[in-house]
Each structure stands twice: as structure tokens, then as C-alpha cells.
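Heads up, the thing below is written out as C-alpha cells.
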Amino acid sequence: QSCLGRQQLLPIIRQMQQLLKGQETRFAEGLRLMKSRLSSLHASLARATPEPPAASCPAPQAPANGKKFGTKYLVEHEVHFTCEPGFELLGSSTRTCQANGSWSGQEPRCAEISECSSSPCQNGGTCLEGLNHYKCLCPQQWTGATCQYQAQTAPPAWSVTDDPAFRRQPRCAQTEQAQHCSCEPGFHMSGTAANGLCQDLNECEVYKREGGPRLCAHACVNLPGSYRCACPGGYVLLGDGKSCEDIDECALSQDNCTRGTTCINTGGGFQCVSPQCPSPTGNVTYVKTSPFQCERNPCPMESRSCHQAPKTISFHYLPLPSKLLAPTPLFRMATAPGRAGPDSLRFGIASGGGGGRFVMQRSDRHTGELVLVQSLQGPQTIQVDVDMSEYLDRVFQAKHLSKITIFVSAYEF
């Protein structure tokens, strides 16, 4: 009986397996159909969604001879434009990025201002723009309306407030929201929004007041929207536009030294010198052997004082800037190379080293150096005498004296 029961159950089990397999197949087909419909629905929604509006505008370029301010080019953001000194802005000084991806207003350009376009200022003068006129700011060697006359006066100190060349009308542009006004570089807005005026920013005073970097080695001259450096008389401005260099009047034959004198160049000027030998004293007499050296005449054998007097006296002239850093070697004394004679030397300051400003020290066996050990404030002239004594087997042989004149300039360059 049990065997017969199993045979009756087998067909029922097979029917149930087939039923489950069919339901599984229909479920999988339903999932595939649902996924296909979802994909079609997403595609139709993507086609129906409109494109978003432009989020930014193309990067604008600064006009030639001008500058652009503003680095964000998104919708509703603004950029501003200015021109360099000597140029005026044509077009829009302010442009706004619009929702359609374009900039408002007209493309700006910088046109040269006509008053100075003909370069009326001569001999290196700077042309200053005014209201329907120009003015020439002349180098210190020139004067006149167009710097046409040579002069020796320093450049005038221009007043920022009294001279119309140091004022500009602001560049304004009207947008949908409000009016925007701006000034050229080197100017700042003064007054109210309704009657504002661009006033020159005096860079010379700003840097002096704020303790910023030193703009000029000597004098700073304010210009409309800028500045320039000036040097004192006897100096020329270097190519960096900041430093001053001494003019060598002697080398350029710009001195007025008379015959019998020698021109010595100094900081900012020159000196005419004519060194003289000491007057005869007892048996000690000198003869001038060159413009800058005296030699003692032969001494009587019995005259000890004559033998102790300097055998040679030489004259030297040193120009120095003010406040030179110390210690600094200034002058050297030495025996002639290969010369037979003394086996030892002694160096010293004969006079003029008071206050401990100088020391005389040995740099090697045959050389002594005069060293500046305290900074000197100019202008002043200092006389320092140094000597070198020769010894042979510890016996004094001769003395040589160098008379040094130091011309300390009023300036640190």
C-alpha cells in the first residue's frame, strides 16, 4: 500500500513544480517590462525640461592702455574699466553680466588725451593734463613754459589742491539699478555721489606717512595719478627712476678751477685744491716734486730734528657719502714692492683721529690701513694725517706723512 501511495503523489508534485516555474517566469517578465517603462518615462521628462539660463558671461579684456577690475563673470556681477594717465575712457566704465550671457553697455577703449599728444614739453619735461590746457613739469636743469630754458633751480613743489591738473572728472555709467562712478588709478573720489571729483592721491605723502617702502633716494615729486623722483644739484637720476648718482664735474670739465689748482670731485660738487709744502723750519725744507707730493731736502749730518721730520709728504682727497657704514677701510700706506731697506714698519695717526672716529692698523707686514670706525654725518670736511716710520735693526730710518682730506657729502648716496 505504501508503494501505491507514492506513485499517486508523484504527478501532483510535478504539477506544482510546473506551476511555480510558470509564476517565476511571469514575475521576471513583469520586472523587465516595468524597468523599460521607467526608462522611457525618464527620457521623455529629460526632453521636456528646458535648458537652464546662462550662468556666466565670457571673460572681458582690459582695453589697450587701460586696466580692468573685477574677476567674477557670473550673472549680476560687474567689471570696471579705467585708463592710464594720458588716456580717456570711451565706452562703458562699468559693465554688468546679463542673464542672456552678454555684457551690458559698450566695449570700452582708451583714447589718448589731445592736450599732450603733441609732446610740447622739451628736454625731458613731463606734460601735465589740465582742463583744456597743459603744463610742463621740468627737470631741475630746465625752466620755462615748455622747459626750453636752461636753469639751475630745483623743480617747483606743485600743489595738489590748487592746480586743476591734479583733478579729474569721474567716469560714470548708468545701469538699471544705479549710477556707478570710478576714478583713474592714482586718484580717489572726493565729495558726494552727486558732485564727486577725482582728486590726485599724493603717493609721496602716503608712503611717508604710512612708513612704507622708500619711493625715492632723495626727493619725491607728486604727479597727477603718479609720482617721480628728483635728485639734488650735482646728481643725476639713474635708470631705475629712484637712485641718484654723483656727477663728476671734473671729468666733464664742468668746474671753474683756475690755473694752478686741481679739481677734486666730491659728492654733489667739486673742490679746487692747491696743496702746498710746509714752510722752512730751521734746517727742514721741502721741495714740491709733483702736484700732490713734497720731498725733504737733504739734512745736515748733525741735525737730529731734520732727520726726524717726514722725508716725504703726500696729499690725498677722499669723497665719502654721509652715514657710511663702519668699519670701512679708507686709505692704505705701504713701502714700494721689492724695495731694499727697512726690516720693520710702524703706522700711526699723526693728527685728526680725535673722538675715536679712525684707527690705523696693520693689514700685512708692509701695509697699514686707515679704517673708519664711526659713521660720519655730512656735510663736513675732515683732515686726518697718518704716518709710516721705517726701522732697520730697530734703529729709526725715515718717516713718511700722508695728509688725507675727507669730503663728507650731505647725502647718503
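Just so you know, the numbers here start at 1 and follow the chain as drawn.
In case you wondered, yes, glycine gets a Cβ from its N, Cα and C as well.
Annotated features, as they stand in TrEMBL:
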- C83-C110: disulfide bond (DISULFID)
- C138-C147: disulfide bond (DISULFID)
- 55-112: domain 'Sushi' (DOMAIN)
- 112-148: domain 'EGF-like' (DOMAIN)
**Report entry** Within the predicted model, mean pLDDT of the domain 'EGF-like' (112-148)
**Finding:** 70
Query raised in the report: Which residues does C83 (disulfide bond) neighbour through Cβ under 8 Å, counting only same-chain ones at least six apart?
Result: P63, N65, G66, K67, L89, C110, E184
Query raised in the report: Within 10 Å of the Cβ of C138 (disulfide bond), how many other Cβ atoms can be counted across all chains shown?
Result: 24
Report task. Note down the number of other Cβ atoms within 10 Å of the Cβ of C110 (disulfide bond), including every protein chain shown. Result -> 21
